[in-house]
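Asks: One structure, as structure tokens, below. Some questions next.
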Amino acid sequence: MPAFPPLNADRLWSRVETLSRHTLPDVPWTRRAFSPQFLAARQWLQGEFAAAGLAVTLDAGGNLVGRRAGTGDGQDARRKPIVTGSHCDTVPSGGRFDGIIGVLAGIEVAHALHEQGVQLRHPFEVIDFLSEEPSDYDGVSCIGSRAIAGTLDAQMLAKSNPAGESLAGALSRIGADPRALARPLRGADATAAFVELHIEQGPVLETRGLPIGVVTHIVGIRRARIRVTGQPDHAGTTPMDIRRDALVGAARVIDAAHRRASELTGPQHYVVATIGRIAVTPNATNAVPGSADMILEVRSDSQAVLDSFVEDLAHGVAGDMAALRLELAWDEVSRARPTHCSPVVMDAVQAASERLGYASMRLPSGAGHDAVQMAHTGPMGMIFIPCLNGRSHCPEEWIDPAQLLDGTRVLYETVLELDARLARAS
């Protein structure tokens, strides 16, 4: 029987239950970044960071950072931190575990180190990244980790939410400093390693009966806003043959995106395309739609597919737009390249799993994560645990307490493994 880390399973699960109560009461589980629910959760998290023996700060990118010093052997000043964490914001009507388990497992690891008096050679940090999910600011995602990596540009900071508040203004409102984001908050070699615990958000681990996944790479994500413009008219008095119905054009775009992704995906490349957000104007029962605004999201492990998908889609529907007397325009929202996990982190996760007696497999991530941005700062990897029926981004998202404990044990041992391996290499 392996010797398990000295973690407090009840405390860990209790924190999950407490944090998940910070939600819109009638729309579980909804905790949007910058919202009152999010800020209340952040205030509670600060207390939990402190209880775990972490020194807490809010950085210029709005990330909540807890830090535990390394050993005072004279090496700590030049040793970079081993970092873990994830995010506590949710999609609308999302789940209780996406993101938050990576933050709370990190806190539990720190708490156990604190209680046991274990000192790592490296500083250890736990980060609650700001707004990993597509935000209300024109869909910009991974806001906090982008700020760390230096990929949160001025165009993104100028994006506004439906109430007219800019992203820069929202950052200032919560105590961050958008003026400091012209350059990366952390350099290209600022972290010793980053490892993120997350639910798989897919069915592979559960189907195979495996408790742990060692992530090999993370797909790239490209988001674009597409606008189809026609002419609003009376729905009862405008004959079909002279209509300029923007929603009909939008339907052609949605269908074309679906067909294009289906054609491209296969043994060579993983490709998915989704249009999950659309706004129609004037959005009235008795009016012909005059415009339709959509957000297209494309995910793939092929950079070439990501680079050409939107352009090819626009070219492919040009004939339909002309026949319907419509205009189509698009602009970029965000991009993240396909990112490979670092062998040093993958090997540490594998070794930790084996030492604890957990069967595991290596697999890619079809979801985006803050880990993609953290790869700009040093070696990066992820640990997956299974979730019920592979469901995520929905209220039905679920994991058992034992599964969370499994993942947190592996995270704890991975941190110790990285601390030893990286110290030997330095």
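A Cβ is built for glycine as well, from the same backbone N, Cα and C atoms used for every other residue.
Pulled from TrEMBL, these are the listed features:
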- HIS87, ASP98, HIS198: Zn(2+) 1 binding site (BINDING)
- ASP98, GLU133, HIS393: Zn(2+) 2 binding site (BINDING)
- ARG223, ASN286, ARG299: allantoate binding site (BINDING)
- 219-314: domain 'Peptidase M20 dimerisation' (DOMAIN)
Asks: Within 8 Å of the Cβ centre of HIS87, ASP98, HIS198, which other residues of the chain have their Cβ, at the recorded Zn(2+) 1 site?
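Replies: The answer, listed by sequence position, is SER86, PHE97, GLY99, ILE100, ILE101, GLY102, GLU132, ILE199, HIS369.
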Asks: Cβ-Cβ under 8 Å from HIS393 (Zn(2+) 2 binding site), same chain, 6 or more residues apart: which ones?
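Replies: Counting only residues 6 or more apart in sequence, the Cβ neighbours of HIS393 (Zn(2+) 2 binding site) under 8 Å are VAL91, GLY94, GLY95, ASP98, GLN201.
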Asks: I'd like to confirm something. Which of the binding-site residues, HIS87, GLU133, HIS198, has a Cα closest to the Cα of ASN286 (allantoate binding site)?
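Replies: Closest by Cα distance to ASN286 (allantoate binding site) among the binding-site residues HIS87, GLU133, HIS198: GLU133.
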Asks: Mind looking up the mean pLDDT for the domain 'Peptidase M20 dimerisation' (219-314) in the predicted model?
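Replies: Mean pLDDT, the domain 'Peptidase M20 dimerisation' (219-314): 98.
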Asks: Note the Cβ centroid of ASP98, GLU133, HIS393, the recorded Zn(2+) 2 site, then list each other residue of that chain whose Cβ lies within 8 Å of it, in sequence.
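Replies: So the additional residues around the site are THR90, VAL91, GLY94, GLY95, GLY99, GLU132, GLN201, SER392.
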Asks: Check the Cα distances from GLU133 (Zn(2+) 2 binding site) to each of the binding-site residues HIS87, HIS198, ARG223, ARG299 and keep only the ones within 10 Å.
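Replies: Passing the 10 Å Cα cut: HIS87.
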Asks: What Cα-Cα separation, expressed in whole Å, is found between HIS198 (Zn(2+) 1 binding site) and ARG299 (allantoate binding site)?
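Replies: So the alpha carbons of HIS198 (Zn(2+) 1 binding site) and ARG299 (allantoate binding site) sit roughly 19 Å from each other.
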Asks: In whole Å, how far is HIS87 (Zn(2+) 1 binding site) from ARG223 (allantoate binding site) when you measure between their Cα atoms?
Replies: 20
Asks: Please find which two of ARG223, ASN286, ARG299 have the most distant C-alpha atoms, given that the record lists them as binding allantoate, and give only that distance in angstrom, rounded to a whole number.
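Replies: Max span of the allantoate binding residues, Cα based, is 37 Å.
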